[in-house]
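J.: As annotated in Swiss-Prot:
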type: SITE; residues: Thr44; note: site 'Part of a proton relay during catalysis'
type: BINDING; residues: Thr45, Ile203; note: pyruvate binding site
type: SITE; residues: Tyr107; note: site 'Part of a proton relay during catalysis'
type: ACT_SITE; residues: Tyr133; note: active site, proton donor/acceptor
type: ACT_SITE; residues: Lys161; note: active site, schiff-base intermediate with substrate
Amino acid sequence: MIAGSMVALVTPMDAQGGLDWEALSKLVDFHLQEGTNAIVAVGTTGESATLDVGEHIEVIKRVVDQVAGRIPVIAGTGGNSTRESVELTRAAKEVGADACLLVTPYYNKPTQEGLYLHFRHIAEAVAIPQILYNVPGRTVCDMLPETVERLSKIDNIIGIKEATGDLQRAQEVLDRVSKDFLVYSGDDATAVELMLLGGKGNISVTANVAPRAMSDLCAAAMRGEAAIARAINDRLMPLHKALFLESNPIPVKWALHEMGLMGDGIRLPLTWLSPRCHEPLRQAMRQCGVLA
């Protein structure tokens, strides 16, 4: 079972927007050393929308090769084209990914039936474990619990990243699906509470900069040690909030640059973190002990 703290890994870039393979390797080592339980390569935090297909697969391949089976690698292969999602999912399987994460199609706003058929088609086309990803605040496409329930009956659809931050919604999903269907948080601030309801982990932005703390948080929550998990979460809350001072992954890439783990590259239409946000994010990092 894929569970625990799963980092939504950024994709490091140089100042011209080219992929920085040395920094990628450094980040993967950082997570292997700091207790991250799984790596999500080229999800939406990894700027999947602005990588071409060749770059997308090369990042996944390099992460898979470096991890070498020590922890699961989940490949982000979702998008708003069903055909392209099939292509990416098939390629991710070929380079050795353990599972794929598929965001709901953005912009084109499919109906619930369209969502069902989209994900069913990908699952039938590629025999690899697949995790649904619902983040309506970014996609303007909300996959309702009844649609999740229908999709959960497809053998290789194994779980969902529920990133609404709505615990009532998460509870409804948990109530509708079988016990072996994995429900993950995609919202760092509410992840502890979702796991205490029965969720199996957190696909995390904060884990990029505080992997050990997020791993400890997830382990405590999944053991049912609510007081310990909540105490860690309270300590991390300033960071959870500061990492969304601007659109993700702008703040988290700046934070990693500040920590000396990567350069200062990001791709348009995203831009580097605004100067007015530097000190608030720096202060949050210091509060949480990730920056001296």
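Cβ atoms are placed via backbone N, Cα and C, with glycine included.
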J.: How many other Cβ atoms sit within 10 Å of the Cβ of Ile203 (pyruvate binding site)?
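T.: Result for Ile203 (pyruvate binding site): 26 other Cβ atoms within 10 Å.
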J.: In which DSSP state, out of helix, strand and coil, do we find Thr45 (pyruvate binding site)?
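T.: Looking at the DSSP assignment, Thr45 (pyruvate binding site) belongs to neither helix nor strand, so coil.
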J.: Under 8 Å Cβ to Cβ from Tyr133 (active site, proton donor/acceptor), same chain, six or more residues apart: give me those in sequence order, or none if nothing qualifies.
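T.: Correct list: Gly43, Thr44, Gly78, Leu101, Leu102, Val103, Thr104, Ile160, Lys161, Ala163, Gly186.
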J.: Within 10 Å of the Cβ of Thr45 (pyruvate binding site), how many other Cβ atoms can be counted across all chains shown?
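T.: By my count, 23.
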J.: When DSSP states are folded down to helix, strand and coil, where does Tyr107 (site 'Part of a proton relay during catalysis') land?
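T.: The three-state answer is coil.
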J.: Fill in the CA-CA distance, Ile203 (pyruvate binding site) to Tyr107 (site 'Part of a proton relay during catalysis'), as an integer in Å.
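T.: Just about 23 Å between their Cα atoms.
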J.: Take the C-alpha atoms of Tyr107 (site 'Part of a proton relay during catalysis') and Thr45 (pyruvate binding site) and report the distance between them in angstrom, rounded.
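T.: Per the Cα atoms, Tyr107 (site 'Part of a proton relay during catalysis') and Thr45 (pyruvate binding site) stand 18 Å apart.
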J.: Where does Lys161 (active site, schiff-base intermediate with substrate) sit in DSSP terms: helix, strand, or coil?
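T.: Lys161 (active site, schiff-base intermediate with substrate) sits in a strand per DSSP.
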J.: Per DSSP, Ile203 (pyruvate binding site) is which: helix, strand or coil?
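T.: Strand, per DSSP.
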